[in-house]
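Here is what TrEMBL records for this protein:
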TRANSMEM  A:23-46  transmembrane segment
TRANSMEM  A:52-72  transmembrane segment
TRANSMEM  A:79-97  transmembrane segment
TRANSMEM  A:103-124  transmembrane segment
TRANSMEM  A:131-150  transmembrane segment
TRANSMEM  A:188-206  transmembrane segment
TRANSMEM  A:235-258  transmembrane segment
TRANSMEM  A:278-301  transmembrane segment
TRANSMEM  A:313-332  transmembrane segment
Amino acid sequence: MADTSEQKSGRLSDRQKDIIQKFAALGSLFALVAVFSTTSSAFFTVNNGMTIALQVTSIALLGIGATCVIITGGIDLSVGSVLALAGVVAALAVRDWGIPVPFAMLIGILTGSACGWINGILVTKMKLPPFIATLGMMLIARGLALQITGARAVSGLGESFGVLGNGSLFRVVTIGDDGFPIVVFPGIPYPVILMVVIAVAVALMLNRSVLGRHIYAVGSNADAARLSGVNVSRVVSFTYVLSGTLAGLTGCVLMSRLVTAQPNEGVMYELDAIASAVIGGTSLIGGVGTISGTLIGAFVIGILRNGLNMNGVSAFTQQIIIGLVILGTVWIDQLRNRR
Amino acid sequence: MQTSADIQHLDPRSSDRAALLRLDGITKEFPGVMALSGVSFDLLPGEVHAVCGENGAGKSTLMKIISGVYQPTAGTIVYKGKESCFASPLESEAAGIAIIHQELNLVPHLSVAENIYLAREPRRGFLVDRKKLRTDAKRCLDRLGVDISPDVQVRTLSVAQRQMVEIAKALSLDAEVLIMDEPTSSLTEQETRLLFQVIRDLKASGVGIAYISHRLDEMAEIVDRVTVLRDGRYIATDRFAETTVNDIVAKMVGRSLEEKFPERTSVPSEEVLFSVSGLRREGVFSDVSFSLKRGEILGFSGLMGAGRTEVARAVFGADPLDSGTITLHGETLTIRSPRDAIAAGIAYLSEDRKAQGLAIKMPVDANMTLANMEAVSSRFGFIDFNRHDEVADEYVELLDIRTPSIKQPVRLLSGGNQQKIIIGKWLFRKPKVMFFDEPTRGIDVGAKFAIYKIMDELAAAGIGVVLISSELPEIMGMTDRVAVFHGGRITGVLDTRKTDQEEIMRYASGYGPTAH
């Protein structure tokens, strides 16, 4: 009786919905790779793979932070601006104060942490809605970055500033017969290694640690979590600090890649970060989300951009397509949650 | 009309064609719980048909099926001679079925008039015809005879006034079937009179009213027939004039009081385990003092809003406390947050399971260990999953929680099992004092009995148990003493064996010890 009525109304069973959701993002990722491999011979190569991985790092790092914030039921709109502020602070520390590059970058990253910490206070202590708190921070951080640089790019940072963004591990180069170097293996770029390490660490934190459990509990039901003895303010603040710190790190990586600090860098990156989390199945209502999903989401966006570029699709059309992908995946998510 | 009334007189389960609404063999299944099975119900024009049953008997579910909030798993609904199935409350409303919910469904920031005509605003072109909106709303309110301005925002109204607005809204729909779910539970005596007058008027104009209420004493005035449900099953339909309140209660309960509650095995000792004195929270409660002996179950009784839950929440640190002392094992506690209370050994099972008790999207095991993660994790804050799953399995077995696995999201479990998970969460904390706030609300009878048994076992194990309950039989059946609240104060602490429901009600109404 129940079966027939279910079939009649054409609804999918819960199990089918779960499977669809789990493989929707991953499946579309494989589909993209397959399609682009046939349309462009240069797409499916080690070199291009590393290029994509490198391009994806910034979305992925920001997306990891965004995922944690969104699981608690919050949102962080400030990361695009915070990464610019962190990057220029690191660059100015090198150029104007003569601080060695590693310490200067640490200062940059801590600048991001500080922005996140302030976001946390605004949300937990001053009870501002996360959207408003981080919108304010977005404007303030961007303004600060422009102010302290006079809206000019900071250059002349020296070669060592570019190592983090441009260096790679296991790079194999031989000298050819003509005397020019031949790149046998382009190496794994440092930013990619950084992304993998951080993704694994945060995934472990979410799945295996008490803090991670508390993050999900707060997002699932903040009242219940508080009445179970969870320090809700501290947990929520932590996610904003994490997001800010990762934004700071992303800023340093991006500026290092250009060996120039641009105060205009990272505009709208927060939306890419949120999109990657959402494509990966993170629920904006909170309580649901995984790092693996967010990584898939980041790669979907990255591969779309890269593949469409290689096929000569204009930047405008790219935006349209990425917009459609976001709508499609979230619609599937809604389908799954409708009961 | 005349003939149908005659037939109705001959057979209370009248099956004549004149029935306005008729439900047959209605079954409704939720994941893990059978809310209704094979229930029948019919409604004639111009009658009030009461539906009675204990909490969890399926009354509200039945009404939600009539009004299209839920769709039945099986069974037929015939409305005005046509088989119907309402996919949403909007559809049933359009067909002339209005429901006044137990939980009021008004938009607090809109005015009374805007609420009454929400989504049906009279228009003049694109704009709302504010003048007509106001006069129409005023007419509905006048018909009820209540003194509420159509212009004030709903959030400024009392609960009783909001109830009246809901009724006015239903009247404005020109409904032929009106469903009232506990309409008098928050009304004063005078407001209830007024409502009954309105109901009589509606009856005279041919409206059929399905009426849910716990207050059997009031029913004689307006009710024509009464249908009793128990545990989601249809029991009987009788003409009200031909039955007695005792008979209805017997059908509702279906068993004697002794069988509803387990035999108490715990014996309160003389040793005071936990006490509070002079608790005060500005504007909410004041001068609250009580003590709890080892092995005792203390009841908190009182009307809604009397301060029972508020006191428990403040003791637990969930709400601030302006003054007062809390003592456990002779030591004075400083409690600023639930964390402090939990660390001291106090547990609080909240009255609203879904909103405050459970992380509803998370699985059974995660909910079970949430209040005591330290016990299942290493020093560095990483979860020991072997220990974690062991604990979850242990409490699932101990409390007989029916779940396919400990990884099942709790939202898919029945109310009784959800409640047991919250109890398990607190038992794993090994509390010294445990507050149960309406622990059996909306739970089926079998699970209720199990929860009563757990409370008794906890008391027997030397844990101080406080039972907050609006159901007097529960207070009478389970507690050793009962503290009765009225207007934010304790008006009396009574020995359960030496008191009766009437005396408790007297204290709860603020009259105090008149007869004694």
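Cβ coordinates come from backbone N, Cα and C, glycine included.
The stretches the transmembrane segment (A:313-332) and the transmembrane segment (A:52-72) are not in mutual contact, being linked by fewer than three Cβ pairs under 8 Å (pairs 6 or more apart in sequence). Remote same-chain residues near the transmembrane segment (A:131-150) are listed as 75-78, 80-82, 84-85, 87-89, 92, 115, 118-119, 122-123, 240, 261, 263-264, 270 (criterion: CB distance under 8 Å, separation of at least six residues from the stretch ends).
The transmembrane segment (A:278-301) shares more Cβ pairs under 8 Å with A:23-46 than with any other stretch in the list A:23-46, A:188-206, A:235-258. With a threshold of 8 Å between CB atoms, the same-chain residues lying at least 6 positions outside the transmembrane segment (A:188-206) that come near it are 50, 53-54, 56-58, 60-61, 64, 68, 71, 163-170, 212, 215-216, 242, 246, 249, 253, 257, 290-292, 295.
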